[in-house]
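Novice: Handing you this structure, nothing more for now.
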Amino acid sequence: MKTNKSLPYLFIAPALLLFALFTIYPIFSSFILSFQSMEGGKYVFTGLSNYTRLLGDDIFWKALGNTGIILIVQVPVMILLALLLANALNSQLLRLKGFFRVSFFLPAVTSLVAYSILFSIILQDEGIMNTILGFFGINAIQWLGDPFWAKVSIIVAMTWRWTGYNMVIFLAALQSLSHEVYEAADLDGANRIQKFFHVTVPQLKPVILFATILSTIGTLQLFDEPFNLTKGGPADSTMTLGLYIYQNGFKYFDFGYASAIAYVVVLLVGILTFFQFKFTGDKS
Amino acid sequence: MRKIGLYSMLGLFTIISIFPFYWMIIGATNESGKMFTNPPTLKPGDQFMTNLQNLNASIDLGRVFFNSVFVSVVYVIVALMVCSTAAYALSKFEFKGRNAIFTTLLLSMMIPYQATLIPLFQLMSNFNLLDTYFALIVPQLCFPFAIFLLRQNFLAFPTELIEAARLDGAGEMRIFLTIVLPSMKPAMAAAAIFLFMTQWNNFMWPLVATTSNEMATLPVALSSLIGLSIIDYGQVMMGVTIATIPIIVFFLALQRHFISGMLGSAVK
(Lines of atoms letter the chains of each structure in order from A and count residues from 1; the text may use other names and numbers.)
(Lines give C-alpha, C1' and ligand atoms only; values in the text may rest on other atoms or scores of the structure.)
Protein backbone atom coordinates (compact mmCIF):
# COMPACT_ATOMS: atom_id res chain seq x y z
CA MET A 1 0.00 0.00 0.00
CA LYS A 2 1.31 3.40 -0.86
CA THR A 3 0.66 6.07 1.69
CA ASN A 4 1.55 9.67 1.71
CA LYS A 5 5.15 10.04 2.96
CA SER A 6 4.42 12.94 5.26
CA LEU A 7 1.45 11.20 6.85
CA PRO A 8 3.19 9.55 9.83
CA TYR A 9 4.91 12.84 10.61
CA LEU A 10 1.56 14.57 10.76
CA PHE A 11 0.35 12.06 13.33
CA ILE A 12 3.44 12.40 15.49
CA ALA A 13 4.05 16.14 15.03
CA PRO A 14 2.05 17.45 18.02
CA ALA A 15 3.79 15.07 20.41
CA LEU A 16 7.23 15.85 18.98
CA LEU A 17 6.69 19.58 19.09
CA LEU A 18 5.63 19.46 22.75
CA PHE A 19 8.43 17.04 23.55
CA ALA A 20 11.08 19.27 21.97
CA LEU A 21 9.81 22.40 23.65
CA PHE A 22 9.05 21.10 27.13
CA THR A 23 11.47 18.19 27.58
CA ILE A 24 14.46 18.38 25.22
CA TYR A 25 14.96 22.13 25.44
CA PRO A 26 14.78 22.22 29.28
CA ILE A 27 17.21 19.30 29.58
CA PHE A 28 19.86 21.16 27.56
CA SER A 29 18.99 24.52 29.02
CA SER A 30 19.46 23.36 32.61
CA PHE A 31 22.75 21.72 31.64
CA ILE A 32 24.02 25.06 30.36
CA LEU A 33 22.55 26.82 33.39
CA SER A 34 24.57 24.54 35.67
CA PHE A 35 27.74 26.29 34.40
CA GLN A 36 26.32 29.76 35.02
CA SER A 37 25.90 31.98 38.03
CA MET A 38 24.05 35.20 38.68
CA GLU A 39 26.42 38.16 38.65
CA GLY A 40 25.10 41.71 38.75
CA GLY A 41 21.58 40.65 37.85
CA LYS A 42 22.64 38.55 34.84
CA TYR A 43 23.60 34.93 34.31
CA VAL A 44 27.24 34.61 33.21
CA PHE A 45 29.40 31.57 32.56
CA THR A 46 31.44 30.68 35.60
CA GLY A 47 32.79 27.36 34.41
CA LEU A 48 32.69 24.61 36.97
CA SER A 49 32.17 26.94 39.92
CA ASN A 50 28.75 25.49 40.80
CA TYR A 51 30.18 21.99 40.76
CA THR A 52 33.25 22.89 42.84
CA ARG A 53 30.94 24.66 45.30
CA LEU A 54 29.06 21.37 45.70
CA LEU A 55 32.26 19.67 46.87
CA GLY A 56 32.47 21.92 49.91
CA ASP A 57 28.75 22.04 50.66
CA ASP A 58 27.95 20.02 53.77
CA ILE A 59 24.19 20.08 53.18
CA PHE A 60 24.67 18.69 49.68
CA TRP A 61 26.73 15.78 51.02
CA LYS A 62 24.16 15.20 53.71
CA ALA A 63 21.37 15.19 51.11
CA LEU A 64 23.38 12.79 48.95
CA GLY A 65 24.02 10.50 51.93
CA ASN A 66 20.36 10.56 53.06
CA THR A 67 19.10 9.84 49.56
CA GLY A 68 21.63 6.99 49.33
CA ILE A 69 20.61 5.45 52.67
CA ILE A 70 16.90 5.65 51.84
CA LEU A 71 17.60 4.09 48.43
CA ILE A 72 19.71 1.22 49.80
CA VAL A 73 17.23 0.31 52.52
CA GLN A 74 13.86 1.08 50.96
CA VAL A 75 14.14 -0.28 47.43
CA PRO A 76 15.30 -3.84 48.31
CA VAL A 77 12.81 -4.15 51.20
CA MET A 78 9.97 -3.02 49.00
CA ILE A 79 10.93 -5.18 46.01
CA LEU A 80 11.22 -8.29 48.21
CA LEU A 81 7.90 -7.55 49.92
CA ALA A 82 6.21 -6.93 46.58
CA LEU A 83 7.59 -10.23 45.24
CA LEU A 84 6.34 -12.15 48.27
CA LEU A 85 2.88 -10.63 48.04
CA ALA A 86 2.69 -11.22 44.29
CA ASN A 87 3.81 -14.80 44.82
CA ALA A 88 1.12 -15.32 47.47
CA LEU A 89 -1.60 -13.78 45.31
CA ASN A 90 -0.58 -15.96 42.40
CA SER A 91 -1.37 -19.12 44.37
CA GLN A 92 -3.97 -21.23 42.56
CA LEU A 93 -5.98 -22.04 45.64
CA LEU A 94 -6.29 -18.53 47.03
CA ARG A 95 -9.71 -16.92 47.21
CA LEU A 96 -10.48 -13.19 47.34
CA LYS A 97 -7.57 -12.46 44.99
CA GLY A 98 -9.26 -9.42 43.47
CA PHE A 99 -9.98 -7.99 46.91
CA PHE A 100 -6.39 -8.38 48.11
CA ARG A 101 -4.99 -7.02 44.87
CA VAL A 102 -7.09 -3.87 45.01
CA SER A 103 -6.40 -3.38 48.75
CA PHE A 104 -2.65 -3.59 48.27
CA PHE A 105 -2.75 -1.32 45.24
CA LEU A 106 -4.95 1.34 46.83
CA PRO A 107 -2.09 3.27 48.53
CA ALA A 108 -0.46 3.76 45.11
CA VAL A 109 -3.54 5.64 43.91
CA THR A 110 -3.41 8.44 46.47
CA SER A 111 -1.49 11.65 46.03
CA LEU A 112 2.00 11.86 47.46
CA VAL A 113 1.04 15.03 49.30
CA ALA A 114 -2.12 13.56 50.85
CA TYR A 115 -0.44 10.42 52.16
CA SER A 116 2.61 12.34 53.40
CA ILE A 117 0.37 14.62 55.43
CA LEU A 118 -1.64 11.64 56.67
CA PHE A 119 1.55 9.92 57.84
CA SER A 120 2.83 13.11 59.45
CA ILE A 121 -0.29 13.03 61.67
CA ILE A 122 -0.14 9.28 62.34
CA LEU A 123 3.54 9.54 63.34
CA GLN A 124 3.25 12.47 65.78
CA ASP A 125 4.65 11.84 69.28
CA GLU A 126 1.10 11.43 70.62
CA GLY A 127 -0.13 9.89 67.37
CA ILE A 128 -1.93 6.62 66.74
CA MET A 129 1.27 4.79 65.74
CA ASN A 130 2.79 5.28 69.18
CA THR A 131 -0.53 4.45 70.84
CA ILE A 132 -0.63 1.14 68.97
CA LEU A 133 2.99 0.41 69.86
CA GLY A 134 2.05 1.13 73.48
CA PHE A 135 -0.41 -1.79 73.42
CA PHE A 136 2.52 -4.08 72.68
CA GLY A 137 4.55 -2.56 75.49
CA ILE A 138 6.83 -0.62 73.16
CA ASN A 139 7.86 2.84 74.33
CA ALA A 140 6.81 5.83 72.23
CA ILE A 141 9.22 6.63 69.41
CA GLN A 142 10.00 10.17 68.30
CA TRP A 143 9.27 9.32 64.69
CA LEU A 144 9.62 12.77 63.19
CA GLY A 145 11.81 14.46 65.78
CA ASP A 146 14.78 12.09 65.86
CA PRO A 147 17.29 12.07 62.99
CA PHE A 148 17.37 8.27 62.78
CA TRP A 149 13.63 7.67 63.13
CA ALA A 150 12.79 10.50 60.73
CA LYS A 151 14.59 8.56 57.98
CA VAL A 152 12.77 5.41 59.09
CA SER A 153 9.48 7.33 58.85
CA ILE A 154 10.19 8.31 55.24
CA ILE A 155 11.13 4.71 54.42
CA VAL A 156 8.01 3.30 56.09
CA ALA A 157 5.78 5.81 54.28
CA MET A 158 7.36 5.12 50.88
CA THR A 159 7.08 1.38 51.38
CA TRP A 160 3.40 1.74 52.26
CA ARG A 161 2.79 3.86 49.15
CA TRP A 162 4.69 1.87 46.51
CA THR A 163 4.76 -1.84 47.45
CA GLY A 164 1.38 -2.59 45.90
CA TYR A 165 2.38 -0.83 42.70
CA ASN A 166 5.39 -3.10 42.26
CA MET A 167 3.35 -6.11 43.33
CA VAL A 168 0.95 -5.57 40.44
CA ILE A 169 3.85 -5.46 37.99
CA PHE A 170 5.26 -8.72 39.41
CA LEU A 171 1.84 -10.35 39.47
CA ALA A 172 1.43 -9.76 35.75
CA ALA A 173 4.81 -11.28 35.04
CA LEU A 174 4.04 -14.30 37.24
CA GLN A 175 0.84 -14.97 35.36
CA SER A 176 2.73 -15.21 32.10
CA LEU A 177 5.17 -17.86 33.41
CA SER A 178 4.63 -21.41 32.22
CA HIS A 179 3.41 -24.07 34.63
CA GLU A 180 5.77 -26.65 33.22
CA VAL A 181 8.81 -25.31 35.03
CA TYR A 182 6.95 -25.55 38.33
CA GLU A 183 5.80 -29.07 37.57
CA ALA A 184 9.40 -30.04 36.81
CA ALA A 185 10.49 -28.48 40.11
CA ASP A 186 7.75 -30.41 41.92
CA LEU A 187 9.04 -33.63 40.39
CA ASP A 188 12.52 -32.78 41.66
CA GLY A 189 11.03 -32.42 45.12
CA ALA A 190 11.61 -28.69 45.51
CA ASN A 191 9.78 -27.03 48.40
CA ARG A 192 7.99 -23.69 48.34
CA ILE A 193 10.98 -21.59 49.34
CA GLN A 194 13.32 -23.38 46.93
CA LYS A 195 10.81 -22.88 44.12
CA PHE A 196 10.52 -19.18 44.95
CA PHE A 197 14.26 -18.54 44.86
CA HIS A 198 15.29 -21.02 42.15
CA VAL A 199 12.35 -20.95 39.77
CA THR A 200 10.31 -17.80 40.28
CA VAL A 201 12.96 -15.15 40.94
CA PRO A 202 15.32 -16.12 38.07
CA GLN A 203 12.45 -16.10 35.59
CA LEU A 204 11.27 -12.71 36.78
CA LYS A 205 14.72 -11.17 36.55
CA PRO A 206 13.95 -8.74 33.68
CA VAL A 207 10.80 -7.50 35.43
CA ILE A 208 12.56 -7.17 38.79
CA LEU A 209 15.24 -5.16 37.02
CA PHE A 210 12.58 -2.96 35.41
CA ALA A 211 10.86 -2.33 38.76
CA THR A 212 14.16 -1.71 40.55
CA ILE A 213 15.30 0.85 37.99
CA LEU A 214 11.95 2.67 38.14
CA SER A 215 12.10 2.72 41.95
CA THR A 216 15.70 3.93 41.91
CA ILE A 217 14.84 6.79 39.58
CA GLY A 218 11.85 7.65 41.77
CA THR A 219 13.85 7.60 45.00
CA LEU A 220 16.63 9.76 43.59
CA GLN A 221 13.96 12.40 42.87
CA LEU A 222 12.39 12.08 46.31
CA PHE A 223 10.69 15.38 47.13
CA ASP A 224 7.01 15.28 48.12
CA GLU A 225 7.50 13.10 51.22
CA PRO A 226 10.33 15.01 52.94
CA PHE A 227 8.71 18.31 51.92
CA ASN A 228 5.41 17.43 53.60
CA LEU A 229 6.43 14.87 56.23
CA THR A 230 9.58 16.26 57.81
CA LYS A 231 10.51 19.44 55.86
CA GLY A 232 13.97 17.88 55.57
CA GLY A 233 14.53 17.93 59.33
CA PRO A 234 15.45 17.42 62.04
CA ALA A 235 18.89 18.97 61.38
CA ASP A 236 18.76 18.09 57.66
CA SER A 237 18.55 14.38 58.50
CA THR A 238 15.86 13.89 55.84
CA MET A 239 17.17 16.48 53.39
CA THR A 240 17.12 14.84 49.95
CA LEU A 241 18.65 15.91 46.66
CA GLY A 242 15.17 16.71 45.32
CA LEU A 243 14.33 18.92 48.27
CA TYR A 244 17.71 20.65 48.10
CA ILE A 245 17.22 21.40 44.40
CA TYR A 246 13.86 22.96 45.22
CA GLN A 247 15.27 25.02 48.08
CA ASN A 248 18.16 26.37 46.03
CA GLY A 249 15.98 27.03 43.01
CA PHE A 250 12.81 28.42 44.49
CA LYS A 251 13.73 29.64 47.95
CA TYR A 252 17.14 31.18 47.22
CA PHE A 253 16.53 31.55 43.44
CA ASP A 254 20.00 30.23 42.69
CA PHE A 255 19.06 28.51 39.43
CA GLY A 256 22.64 27.75 38.39
CA TYR A 257 23.46 25.93 41.61
CA ALA A 258 20.13 24.08 41.66
CA SER A 259 20.75 22.94 38.07
CA ALA A 260 24.18 21.62 39.04
CA ILE A 261 22.58 19.46 41.77
CA ALA A 262 19.93 18.33 39.29
CA TYR A 263 22.70 17.17 36.98
CA VAL A 264 24.31 15.21 39.81
CA VAL A 265 20.98 13.37 40.02
CA VAL A 266 20.97 12.80 36.26
CA LEU A 267 24.50 11.38 36.52
CA LEU A 268 23.52 9.13 39.45
CA VAL A 269 20.49 7.77 37.58
CA GLY A 270 22.75 6.98 34.64
CA ILE A 271 25.43 5.26 36.73
CA LEU A 272 23.01 3.24 38.86
CA THR A 273 20.99 2.11 35.85
CA PHE A 274 24.18 1.05 34.11
CA PHE A 275 25.29 -1.03 37.11
CA GLN A 276 21.86 -2.57 37.60
CA PHE A 277 21.98 -3.77 34.01
CA LYS A 278 25.54 -4.95 34.43
CA PHE A 279 24.95 -6.87 37.67
CA THR A 280 21.91 -8.66 36.41
CA GLY A 281 23.63 -9.35 33.12
CA ASP A 282 20.52 -8.49 31.17
CA LYS A 283 21.22 -7.30 27.67
CA SER A 284 17.71 -6.68 26.42
CA MET B 1 -2.48 -24.97 58.34
CA ARG B 2 -0.41 -23.39 55.63
CA LYS B 3 -3.53 -21.70 54.31
CA ILE B 4 -4.28 -20.10 57.66
CA GLY B 5 -0.77 -18.67 57.68
CA LEU B 6 -1.20 -17.30 54.17
CA TYR B 7 -4.57 -15.69 54.90
CA SER B 8 -3.35 -14.15 58.16
CA MET B 9 -0.35 -12.64 56.40
CA LEU B 10 -2.50 -11.23 53.60
CA GLY B 11 -5.06 -10.06 56.16
CA LEU B 12 -2.40 -8.22 58.12
CA PHE B 13 -1.12 -6.49 55.00
CA THR B 14 -4.68 -5.56 54.04
CA ILE B 15 -5.15 -3.89 57.43
CA ILE B 16 -1.85 -2.02 57.02
CA SER B 17 -2.90 -0.87 53.53
CA ILE B 18 -6.41 0.20 54.46
CA PHE B 19 -6.05 1.49 58.03
CA PRO B 20 -4.54 4.90 57.12
CA PHE B 21 -7.60 5.56 54.92
CA TYR B 22 -9.90 4.66 57.78
CA TRP B 23 -7.90 6.88 60.10
CA MET B 24 -8.27 9.67 57.56
CA ILE B 25 -12.09 9.43 57.81
CA ILE B 26 -11.88 9.37 61.63
CA GLY B 27 -9.77 12.52 61.48
CA ALA B 28 -12.05 14.29 59.03
CA THR B 29 -15.13 13.71 61.19
CA ASN B 30 -13.64 14.43 64.62
CA GLU B 31 -12.17 17.49 66.27
CA SER B 32 -8.44 18.03 66.15
CA GLY B 33 -7.61 16.66 69.61
CA LYS B 34 -9.43 13.35 69.10
CA MET B 35 -6.59 12.17 66.87
CA PHE B 36 -4.19 12.12 69.80
CA THR B 37 -6.13 10.37 72.57
CA ASN B 38 -5.14 7.23 74.42
CA PRO B 39 -7.02 4.92 74.01
CA PRO B 40 -7.48 6.09 70.42
CA THR B 41 -10.77 7.33 68.99
CA LEU B 42 -11.76 4.74 66.42
CA LYS B 43 -15.31 5.84 65.66
CA PRO B 44 -16.27 8.50 63.12
CA GLY B 45 -17.38 11.67 64.88
CA ASP B 46 -19.92 14.41 64.17
CA GLN B 47 -17.53 17.22 63.22
CA PHE B 48 -17.76 16.64 59.47
CA MET B 49 -19.50 19.94 58.70
CA THR B 50 -17.37 21.96 61.13
CA ASN B 51 -14.14 20.63 59.63
CA LEU B 52 -15.46 21.27 56.14
CA GLN B 53 -16.38 24.86 57.02
CA ASN B 54 -13.03 25.47 58.70
CA LEU B 55 -11.22 24.08 55.70
CA ASN B 56 -13.27 26.26 53.40
CA ALA B 57 -12.34 29.27 55.52
CA SER B 58 -8.61 28.46 55.23
CA ILE B 59 -8.49 27.74 51.53
CA ASP B 60 -10.91 28.60 48.73
CA LEU B 61 -12.04 25.00 48.58
CA GLY B 62 -14.50 25.30 45.70
CA ARG B 63 -12.01 27.11 43.52
CA VAL B 64 -9.11 24.80 44.37
CA PHE B 65 -11.23 21.69 43.78
CA PHE B 66 -12.41 23.11 40.47
CA ASN B 67 -8.80 23.82 39.47
CA SER B 68 -7.78 20.24 40.14
CA VAL B 69 -10.76 18.77 38.29
CA PHE B 70 -10.54 21.19 35.36
CA VAL B 71 -6.79 20.82 34.90
CA SER B 72 -6.93 17.02 35.18
CA VAL B 73 -9.89 16.55 32.82
CA VAL B 74 -8.62 18.92 30.12
CA TYR B 75 -5.16 17.41 30.47
CA VAL B 76 -6.41 13.86 30.02
CA ILE B 77 -8.44 14.72 26.91
CA VAL B 78 -5.68 16.65 25.14
CA ALA B 79 -2.88 14.32 26.26
CA LEU B 80 -4.85 11.33 24.94
CA MET B 81 -5.11 13.02 21.52
CA VAL B 82 -1.41 13.87 21.45
CA CYS B 83 -0.20 10.52 22.77
CA SER B 84 -2.55 8.22 20.85
CA THR B 85 -1.78 9.79 17.46
CA ALA B 86 1.95 9.54 18.24
CA ALA B 87 1.59 5.95 19.39
CA TYR B 88 -0.37 5.13 16.24
CA ALA B 89 2.35 6.55 14.01
CA LEU B 90 5.04 4.71 15.98
CA SER B 91 3.25 1.38 15.73
CA LYS B 92 1.62 1.33 12.31
CA PHE B 93 3.83 3.35 9.96
CA GLU B 94 7.35 2.85 8.69
CA PHE B 95 9.13 6.17 8.44
CA LYS B 96 12.56 7.70 8.70
CA GLY B 97 13.63 8.38 12.25
CA ARG B 98 10.93 6.21 13.79
CA ASN B 99 13.25 4.16 15.96
CA ALA B 100 15.31 7.18 16.94
CA ILE B 101 12.17 9.03 18.05
CA PHE B 102 10.87 6.07 20.01
CA THR B 103 14.22 5.46 21.71
CA THR B 104 14.56 9.14 22.64
CA LEU B 105 11.06 9.14 24.14
CA LEU B 106 11.88 6.05 26.20
CA LEU B 107 15.24 7.39 27.35
CA SER B 108 13.64 10.64 28.46
CA MET B 109 11.67 8.65 31.03
CA MET B 110 14.98 8.21 32.84
CA ILE B 111 15.72 11.93 33.09
CA PRO B 112 14.74 13.18 36.54
CA TYR B 113 11.94 15.69 36.45
CA GLN B 114 14.00 18.16 38.45
CA ALA B 115 16.48 18.53 35.61
CA THR B 116 13.78 20.21 33.53
CA LEU B 117 12.03 22.11 36.30
CA ILE B 118 13.98 25.37 36.29
CA PRO B 119 14.07 25.99 32.51
CA LEU B 120 10.34 25.16 32.39
CA PHE B 121 9.75 27.73 35.10
CA GLN B 122 11.85 30.32 33.25
CA LEU B 123 10.05 29.55 29.99
CA MET B 124 6.64 30.09 31.58
CA SER B 125 7.87 33.16 33.40
CA ASN B 126 9.33 34.74 30.24
CA PHE B 127 6.02 34.36 28.42
CA ASN B 128 4.05 35.57 31.43
CA LEU B 129 2.32 32.23 31.66
CA LEU B 130 2.98 31.45 35.32
CA ASP B 131 -0.19 31.05 37.33
CA THR B 132 -2.29 30.09 34.31
CA TYR B 133 -4.10 26.90 33.34
CA PHE B 134 -1.84 26.81 30.30
CA ALA B 135 1.25 26.39 32.52
CA LEU B 136 -0.45 23.67 34.55
CA ILE B 137 -1.69 21.67 31.56
CA VAL B 138 0.55 22.06 28.52
CA PRO B 139 4.16 21.15 29.50
CA GLN B 140 3.42 17.50 30.24
CA LEU B 141 0.99 16.77 27.41
CA CYS B 142 3.53 14.59 25.62
CA PHE B 143 3.81 11.83 28.22
CA PRO B 144 6.28 9.16 27.05
CA PHE B 145 4.91 6.42 29.31
CA ALA B 146 1.39 6.91 27.91
CA ILE B 147 2.76 6.75 24.35
CA PHE B 148 4.64 3.58 25.28
CA LEU B 149 1.56 2.00 26.85
CA LEU B 150 -0.67 2.85 23.87
CA ARG B 151 1.92 1.76 21.33
CA GLN B 152 2.15 -1.68 22.96
CA ASN B 153 -1.59 -2.05 22.48
CA PHE B 154 -1.73 -0.58 18.96
CA LEU B 155 0.91 -3.07 17.83
CA ALA B 156 -1.61 -5.83 18.39
CA PHE B 157 -4.19 -4.19 16.10
CA PRO B 158 -4.41 -6.07 12.75
CA THR B 159 -2.74 -4.02 10.01
CA GLU B 160 -4.87 -5.78 7.37
CA LEU B 161 -7.95 -3.96 8.64
CA ILE B 162 -6.24 -0.63 8.08
CA GLU B 163 -5.16 -1.63 4.58
CA ALA B 164 -8.64 -2.85 3.71
CA ALA B 165 -10.08 0.49 4.79
CA ARG B 166 -7.53 2.28 2.62
CA LEU B 167 -8.60 0.22 -0.38
CA ASP B 168 -12.14 1.33 0.29
CA GLY B 169 -10.87 4.88 0.02
CA ALA B 170 -11.20 5.94 3.64
CA GLY B 171 -9.06 8.90 4.71
CA GLU B 172 -6.26 8.28 7.21
CA MET B 173 -7.79 10.36 9.97
CA ARG B 174 -11.11 8.59 9.49
CA ILE B 175 -9.41 5.19 9.65
CA PHE B 176 -7.74 6.17 12.90
CA LEU B 177 -10.84 7.64 14.49
CA THR B 178 -13.52 5.19 13.33
CA ILE B 179 -11.67 1.90 12.89
CA VAL B 180 -8.61 1.83 15.13
CA LEU B 181 -9.63 3.86 18.19
CA PRO B 182 -13.00 2.19 18.89
CA SER B 183 -11.32 -1.17 19.35
CA MET B 184 -8.67 0.38 21.57
CA LYS B 185 -11.08 1.45 24.30
CA PRO B 186 -9.48 -0.63 27.09
CA ALA B 187 -6.00 0.70 26.26
CA MET B 188 -7.29 4.26 26.03
CA ALA B 189 -9.08 3.81 29.37
CA ALA B 190 -5.90 2.54 31.00
CA ALA B 191 -3.92 5.48 29.62
CA ALA B 192 -6.67 7.90 30.68
CA ILE B 193 -6.67 6.64 34.26
CA PHE B 194 -2.90 6.77 34.40
CA LEU B 195 -2.79 10.32 33.04
CA PHE B 196 -5.60 11.46 35.31
CA MET B 197 -3.93 10.08 38.43
CA THR B 198 -0.59 11.59 37.48
CA GLN B 199 -2.12 15.03 36.99
CA TRP B 200 -4.51 14.90 39.96
CA ASN B 201 -1.64 13.91 42.28
CA ASN B 202 1.01 16.17 40.74
CA PHE B 203 2.66 18.45 43.26
CA MET B 204 6.09 19.82 42.44
CA TRP B 205 5.24 21.52 39.15
CA PRO B 206 1.96 23.13 40.34
CA LEU B 207 3.82 24.27 43.47
CA VAL B 208 6.38 26.04 41.31
CA ALA B 209 4.09 27.16 38.48
CA THR B 210 1.35 28.74 40.60
CA THR B 211 1.88 31.78 42.77
CA SER B 212 -1.63 32.83 43.76
CA ASN B 213 -4.09 31.00 45.98
CA GLU B 214 -6.70 31.16 43.21
CA MET B 215 -4.62 29.01 40.89
CA ALA B 216 -3.48 26.45 43.47
CA THR B 217 -4.42 22.82 42.92
CA LEU B 218 -5.59 20.59 45.76
CA PRO B 219 -2.15 19.16 46.65
CA VAL B 220 -0.60 22.64 46.71
CA ALA B 221 -3.40 24.04 48.89
CA LEU B 222 -3.17 21.03 51.22
CA SER B 223 0.54 21.45 51.63
CA SER B 224 0.08 25.10 52.54
CA LEU B 225 -2.23 24.07 55.42
CA ILE B 226 0.53 22.26 57.28
CA GLY B 227 2.82 25.26 56.93
CA LEU B 228 0.69 27.23 59.38
CA SER B 229 1.95 27.72 62.93
CA ILE B 230 -1.18 26.31 64.57
CA ILE B 231 -2.45 23.30 62.69
CA ASP B 232 -6.11 22.30 62.89
CA TYR B 233 -5.77 18.58 62.22
CA GLY B 234 -9.50 18.15 61.73
CA GLN B 235 -9.55 20.43 58.71
CA VAL B 236 -6.26 19.05 57.42
CA MET B 237 -7.72 15.53 57.51
CA MET B 238 -10.82 16.85 55.77
CA GLY B 239 -8.55 18.26 53.06
CA VAL B 240 -6.68 14.98 52.73
CA THR B 241 -10.01 13.15 52.46
CA ILE B 242 -11.27 15.48 49.73
CA ALA B 243 -8.05 14.98 47.77
CA THR B 244 -8.15 11.22 48.20
CA ILE B 245 -11.77 10.05 47.92
CA PRO B 246 -12.42 11.15 44.29
CA ILE B 247 -9.30 9.45 42.99
CA ILE B 248 -10.10 6.25 44.91
CA VAL B 249 -13.67 6.17 43.60
CA PHE B 250 -12.37 6.86 40.10
CA PHE B 251 -9.82 4.09 40.43
CA LEU B 252 -12.22 1.53 41.90
CA ALA B 253 -14.70 2.18 39.09
CA LEU B 254 -12.08 1.60 36.41
CA GLN B 255 -9.50 -0.59 38.12
CA ARG B 256 -10.06 -3.56 35.82
CA HIS B 257 -8.95 -1.56 32.79
CA PHE B 258 -6.18 0.10 34.68
CA ILE B 259 -4.53 -2.98 36.08
CA SER B 260 -4.80 -4.89 32.79
CA GLY B 261 -3.48 -1.91 30.83
CA MET B 262 -0.58 -1.37 33.21
CA LEU B 263 0.16 -5.05 33.15
CA GLY B 264 0.16 -5.25 29.39
CA SER B 265 2.75 -2.53 29.13
CA ALA B 266 4.96 -3.54 32.02
CA VAL B 267 5.73 -7.05 30.94
CA LYS B 268 5.96 -6.97 27.18
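Glycine residues also receive a Cβ, built from the backbone N, Cα and C atoms like all the rest.
Predicted automatically and left uncurated, TrEMBL annotations should be read as such.
Taken from TrEMBL, the feature transmembrane segment covers B:7-26, B:64-88, B:100-121, B:133-154, B:175-197, B:233-254. For B:65-254, the entry in TrEMBL reads domain 'ABC transmembrane type-1'.
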Novice: With contact taken as 3 or more Cβ pairs under 8 angstroms (pairs 6 or more apart in sequence), are the transmembrane segment (B:133-154) and the transmembrane segment (B:64-88) in contact?
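Specialist: Yes; at least 3 Cβ pairs under 8 Å.
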Novice: Who are the long-range neighbours of the transmembrane segment (B:100-121) in its own chain, taking Cβ under 8 Å and residues 6 or more past its ends?
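Specialist: Distal contacts: 90, 130, 139, 144-145, 147-148, 151, 204-205, 208-209.
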Novice: If I count Cβ-Cβ pairs under 8 A between the transmembrane segment (B:7-26) and each of B:64-88, B:175-197, B:233-254, which range comes out on top?
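Specialist: The stretch with the most contacts is B:233-254.
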